[in-house]
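Colleague: Quick one: the structure is below, and I'll ask about it shortly.
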Amino acid sequence: MAEPPLYPVAGAAGPQGDEDRLGLPDGADAPLDELVGAYPNYNEEEEERRYYRRKRLGVLKNVLAASAGGTLTYGVYLGLLQMQLILHYDETYREVKYGNMGLPDIDSKMLIGINVTPIAALLYTPVLIRFFGTKWMMFLGVGIYALFVSTNYWERYYTLVPSAVALGMAIVPLWASMGNYITRMAQKYYEYSHYKERDGQDPQQRPPRGSHAPYLLVFQAIFYSFFHLSFACAQLPMVYFLNNYLYDLNHTLYNVHSCGTNSQGILSGFNKTVLRTLPRSRNLIVVESVLMAVAFVAMLLVLGLCGAAYRPTEEIDLRSVGWGNIFQLPFKHVRDFRLRHLTPFFIYSGFEVLFACTGLALGYGVCSIGLERLAYLLVAYSLGASASSLLCLLGLWLPRHVPLVSGSGLHLLLTVGLFFWAPTPKVLQHMWILYVAAVLWGVGSALNKTGLSTLLGILYEDKERQDFIFTIYHWWQAVAIFVVYLGSSLPMKAKLAVLLLTLVVAMISYLVMEQKLRRGVVPRQPRIPRPQHKVRGYRYLEEDNSDESDAEGERYGGGGGGGGGRGDGGEDEALLSGPRPGPEPAGFGRRPCPYEQAQEGDGPEEQ
């Protein structure tokens, strides 16, 4: 007697039953919908909500990863540069470690490469961002910063100077792409949060003006809260390593007689020897290896955790306007009165951050309380700026000009106060004033930078021109930093006068711009050319193709009296009549597939 099979055979009849446990017939009589139909408990609305929730979490992950990557990159760069310049300043270190190699000359040329090279960035930054894409430009810029760190293992002219020039070339593209990236994340977060409102709209229809502004304000506050922490991160090598080798202020400030507003240049009379003992080469290699590891982590953050700023089709569209147009459009945006009115603010933004690191920290801080307290002064500035970046969230309820005007007003009061203050060298009683001034200057810097980046993202919502706007912004910042580098030997009163004048002009110019916008003056923006695609592929087979050029529209969508449209195949029939080798020609009303186009040479470009 044969044993019954362990598992029932599909379609077999017998005592095992023609029905399953749900009471449905098996085999050929089974209903097709039960086999291939939708899952009975599937909730489309719930799945859609979960999908867009994952998308929003991905956007937040992108913002945090970009912010952390930028913080680590800039912190490593500033920390290494600060430690390197202090070590190379010491005469004993130069003579014992490098002999007559000429480290001061190498350092001066390195600073020229960092400060002068960005002047040409307006010529190539938009092209690089469009060519590589926003995310990959960020990754390339962080990689060049890491290259600069790596060259300090072997300090020679042919390593330091070329890497400094490469770093100078990467400064504007990196930070312009960062600003563009944060703005795009805010726009994408709005799309993923209001997906129900866009269901019934045309996919090409733009969201309402200013709709992404609250998200942009929050994301910019997060970014600059992270970014300003880079100044504190840069002091870690100083606090935990270099401070152990420094002389106290009685030695370094022995010949310093005037500080603050009475000072001339940078630390006039400062002692040429600042190191009590020379650090061992092995210890220096350990510190530089740690900095190199942090720079590598920043590269991995940008590479692995930052998603793309645009969809692949959008990236292709941004490149397809023509490289000549991409090169010219930053210059054509000068006709926009909003950018012209904001240019003094761009310049002041570069002035004030350099003044915090050189004028306030060195001319007032180190000159009076010693080099060993430089790190703590900059940490106070950094923490004040980082915490105050979150104050810009008040812009969710206040008018948008409040953060900018508040930060500028605070800097105005501090600049006037510093103009009349000359601290006494080697006197520590006024040290608390310096720390308060550093924190308040950080508060003003945070309000200015966060408010300015948010304002640019609100005024220029078109994704086709955001990279141009942030390029112009950071290029003017680079020009301002170059001017500060040229005027480093000026008296402190002259520096404060230039800073004060620029700040007043920037505030007046900005308020005039806001007044024009309230009166309804329409800005004159250059037209962004339509994408002209020369490559055909799978993405151009749709009936309603938003990317097709004018020639393609006339060829395939034409209509009218020409008889050459897609619906009227008379001309196509004459062209395709007769036997031809290769694939079967496209029928009437059907667009040839890419393989047929390649075989037949069909299309306006080949005619």
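The backbone N, Cα and C atoms fix where each Cβ goes, and this holds for glycine too.
Bear in mind that TrEMBL entries carry predicted annotations, made automatically and left uncurated.
Because the structure is a prediction, the values reported are computed rather than measured.
Copying in the features that TrEMBL gives for the protein in this structure:
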- 556-567: compositional bias 'Gly residues' (COMPBIAS)
- 1-30: region 'Disordered' (REGION)
- 524-607: region 'Disordered' (REGION)
- 59-80: transmembrane segment (TRANSMEM)
- 110-129: transmembrane segment (TRANSMEM)
- 136-154: transmembrane segment (TRANSMEM)
- 160-182: transmembrane segment (TRANSMEM)
- 215-242: transmembrane segment (TRANSMEM)
- 284-310: transmembrane segment (TRANSMEM)
- 345-366: transmembrane segment (TRANSMEM)
- 378-397: transmembrane segment (TRANSMEM)
- 404-422: transmembrane segment (TRANSMEM)
- 468-488: transmembrane segment (TRANSMEM)
- 494-513: transmembrane segment (TRANSMEM)
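For each listed feature, how buried is it and what is near it?
Modeller: Panel annotation: around the transmembrane segment (59-80), residues 138, 141-142, 145-146, 148-149, 152, 167, 174-175, 178, 181-182, 185, 188-189, 192, 219, 222-223, 225-227, 229-238, 288, 291, 294-295, 297-299, 301-302, 305-307 of the same chain, lying at least six beyond its termini, place a Cβ under 8 Å from a Cβ of the stretch.
Same-chain neighbours of the transmembrane segment (110-129): 137, 140, 160-162, 164-165, 167-169, 171-173, 176-177, 180, 323, 326-327, 329-331, 467-468, 471-472, 474-475, 478-479, 481-482, 485, counting only residues six or more beyond its ends whose CB sits under 8 Å from a CB of the stretch.
Through the fold, the transmembrane segment (160-182) approaches residues 62-63, 66, 70, 73, 77, 106, 109-118, 120-122, 124-125, 128-129, 134-135, 137-138, 140-142, 144-145, 147-148, 150-152, 216, 219-220, 223, 306, 309, 453, 456-457, 466-467, 470-471, 473-475, 478 of its own chain, all at least 6 residues removed from its boundaries and within a Cβ separation under 8 Å.
Proximity of distant same-chain residues to the transmembrane segment (215-242), defined by a Cβ-Cβ separation under 8 Å and at least 6 residues beyond the stretch ends, is recorded for 63-64, 66-68, 70-80, 82-83, 86-87, 178, 182-183, 185-187, 189-190, 193, 279, 283, 287, 291, 357, 374-376, 378-379, 381-383, 385-387, 389-390, 392-393, 395-396, 442, 445-446, 449-450, 453-454, 457-458.
Within its own chain, the transmembrane segment (378-397) is flanked in space by residues 214, 217-218, 220-221, 224-226, 228-232, 234-235, 356-357, 360-361, 403, 435, 438-443, 445-447, 449-451, 454, which lie at least six positions past its ends and keep a Cβ under 8 Å from the stretch.
Residues 258-263, 345, 348, 352, 360, 364, 437, 440-441, 443-448, 451-452, 455, 493, 496-497, 499-500, 503-504, 506-507, 510-511 of the same chain, all 6+ positions outside the transmembrane segment (404-422), place their C-beta atoms under 8 angstroms from a C-beta of that stretch.
Through the fold, the transmembrane segment (494-513) approaches residues 261, 337-338, 341-345, 347-348, 351-352, 355, 359, 401, 404-405, 408-409, 411-412, 415-416, 418-419, 487 of its own chain, all at least 6 residues removed from its boundaries and within a Cβ separation under 8 Å.
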Colleague: Can you tell me which parts of the same chain pack against the transmembrane segment (136-154), counting only residues 6+ beyond its ends and a CB-CB cutoff under 8 A?
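Modeller: Counting only partners 6 or more residues beyond its ends, the transmembrane segment (136-154) has Cβ contacts under 8 Å with 66, 69, 73-74, 76-77, 80, 84, 128-129, 160, 163-164, 166-167, 169-171, 173-175, 177-178, 181, 285, 288, 291-292, 295-296, 298-299, 302-303, 306.
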Colleague: Which residues of the chain, 6 or more past the ends of the transmembrane segment (345-366), have a CB below 8 A from one of its CBs?
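Modeller: Residues packing against the transmembrane segment (345-366) from afar: 231, 259-260, 263, 266-267, 270, 373-374, 377-378, 381, 404, 408, 411, 418, 421, 423, 434, 437-438, 441-442, 444-445, 448-449, 452, 472-473, 476-481, 483-484, 488, 492, 495-496, 498-499, 502-503, 506, 509-510.
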Colleague: By Cβ distance under 8 Å, which residues at least 6 away from the ends of the transmembrane segment (468-488) in the same chain are close to it?
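Modeller: Distant Cβ neighbours of the transmembrane segment (468-488) are 111, 115-116, 118-119, 121-122, 125-126, 129, 171-173, 175-177, 179-180, 183, 265-266, 329-330, 333, 339, 342-343, 346-351, 354-355, 358, 452-453, 456, 460, 494-495, 498.
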Colleague: What parts of the chain pack near the transmembrane segment (284-310), using Cβ distances under 8 Å and only residues at least 6 beyond its ends?
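Modeller: Here the qualifying positions are 58-59, 61-62, 65-66, 68-70, 72-73, 75-76, 79-80, 83, 133-135, 138-139, 142-143, 145-146, 149-150, 152-153, 180-181, 184-185, 237, 241, 318, 463.
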